[in-house]
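Per Swiss-Prot, these features apply:
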type    : residues              : note
DOMAIN  : 10-206                : domain 'tr-type G'
BINDING : 19-26, 83-87, 138-141 : GTP binding site
REGION  : 19-26                 : region 'G1'
BINDING : Thr26                 : Mg(2+) binding site
REGION  : 62-66                 : region 'G2'
REGION  : 83-86                 : region 'G3'
REGION  : 138-141               : region 'G4'
Amino acid sequence: MAKAKFERTKAHVNIGTIGHVDHGKTTLTAAISKVLYDKYPDLNEARDFATIDSAPEERQRGITINISHVEYQTEKRHYAHVDAPGHADYIKNMITGAAQMDGAILVVAATDGPMAQTREHVLLARQVGVPALLVALNKSDMVEDEELLERVEMEVRQLLSSRSFDVDEAPVIRTSALKALEGDPQWVKSVEDLMDAVDEYIPDPVRDKDKPFLMPIEDVFTITGRGTVVTGRAERGTLKINSEVEIVGIRDVQKTTVTGIEMFHKQLDEAWAGENCGLLVRGLKRDDVERGQVLVEPGSITPHTNFEANVYILSKDEGGRHTPFYSNYRAQFYFRTTDVTGVITLPEGTEMVMPGDTTEMSVELIQPIAMEEGLGFAIREGGRTVGSGRVTKITK
C-alpha cells in the first residue's frame, strides 16, 4: 500500500491589515496575495483581486460586519488574512473578536503620516491584545524626499511606543501596493520584504493546547456509585487524570481532584483543548458546582466582579435595542456559559449610548466570574443579545 505523502505542517497565523481609510489596506491585501501567488504558485491560489474590496457581509453573533478573508502561504507559514474595509466594520470586528489576530500590519500612507483612525486602530490593537504590529509605509513611491519618509517613520514609531508596542524591533517597510499590483519589480520586492518581515517578526501563536487548562462548566450531574461529573468543552490546555484543579467563579474557589475523564462514554487518560468531556470530581456534591463556573489548573485564573470594557452595542437593525441607555443601566453579562447581572457606568463625558455605538464602560457584576483581560462577553436583555465586548482592564 502506497504511503500517504508526508505533509510538513506549517504554523497557521491569523493576521490583518489595520490603519486609516484610503491608506491602502485593501490594495495591500491584494498585492500580498498576487505577489505570493507569483512567487509560490504551487502554494497559493490565483484570485480576482476585485473580490477583496467588495467584502461580503457576515453575521457573527447577530452583528453584521463587512469583512473579507484571504488565505495565502509563504514558505514558512500559512496565513489567514482579514480585511475589514469600513472603519466601523473594523472597530466592530476588533471588539467582538469576530477575527482574532495573532499580529497585524499597520498601513500608513507615506503621503499623509498617521491620521485619526491610525491612532484609534493602534489603541484598539493594544486593548484587545494583538501581540505584534509591524508597519507598511504605503504609497512610498509618491514621496521623493527621503527626509520626509524618515519623519513619517519616526511619527509612526512614536505612536507605537505611546501604546507600549515594541518600537525598536518593529519593522517598518516602505511599500507601494499599487505599483506591486502593476508588477513593478522594485515594489514587488517591497511586498516580498514585507512578508519576510511578517514571517520573522510576528511570533508563532501559542497553541491553545500549551496554555493552562480551562473548561467552562456547562452541566453537572451525579453518577450513582461514582460521584459528581461536570461536563463542558475544554477551551485550552490539557488535563491528566488525577490532576488537582480549582473551580472558579460565582462562589468561593474550591479545590478538587479529577479522578476520571470521559469522552463519548470512553475512559481517557487526558482531556485536550477543543474536546467535549465529562470530568469526575472527587469530594464534591452536585449542589457544590454550577454552570458558569470554570474548572482550571490551580492558580491560573482568578474571580472578579469589576472591570472596564470596550463594547459594541447592536443597532436596531441587528436586533439590538431601539432606545439609548445611560449610566446605572442593569443588564445580563454572558460570560462563556452563563449570564450574570451587572451595572454599567459610562465614562465621564458620555451621557448615553445609542444602538450602533461603540463605547468604553465600567461594569460591576453581582457575582464574581473567572476573568482575564481580553475575555469576550455578550450583553443580553431578556435573552437577546444587545451588545458584545471584551474586558480591557480588571479593577477588582
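Every residue gets a Cβ built from N, Cα and C, even glycine.
All features noted in Swiss-Prot, drawn onto the structure.
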residue: Gly19; record: GTP binding site; Cβ contacts under 8 Å, 6 or more apart: Lys25, Leu106, Val107, Val108, Gln117, Thr118, His121
residue: Asp22; record: GTP binding site; Cβ contacts under 8 Å, 6 or more apart: Ala109
residue: His87; record: GTP binding site; Cβ contacts under 8 Å, 6 or more apart: Val21, Gln117
residue: Ser140; record: GTP binding site; Cβ contacts under 8 Å, 6 or more apart: Ala110, Leu149, Arg174, Thr175, Ser176, Ser190
Ranked by how many other Cβ atoms lie within 10 Å of their Cβ, the binding-site residues Lys25, Thr26 are led by Lys25
Quick one: pull the CA-CA distance for Ala84 (GTP binding site) versus Thr26 (Mg(2+) binding site), whole Å only. 8
Spatial neighbours of the region 'G1' (19-26) far in sequence, C-beta under 8 Å, 6+ residues away: 52-53, 83, 85-87, 106-109, 112, 114-118, 121, 138-139, 177-178
Residues of the region 'G1' (19-26) by DSSP state, where helix covers H, G and I: 2 helix, 1 strand, 5 coil
How many helix, strand and coil residues does the region 'G3' (83-86) contain under DSSP? 0 helix, 1 strand, 3 coil
10 Å Cβ neighbour count around Ala84 (GTP binding site)? 25
Mean pLDDT for the region 'G1' (19-26), as a whole number? 89
With DSSP as the yardstick, break the region 'G4' (138-141) down into helix, strand and coil residue counts. 2 helix, 1 strand, 1 coil
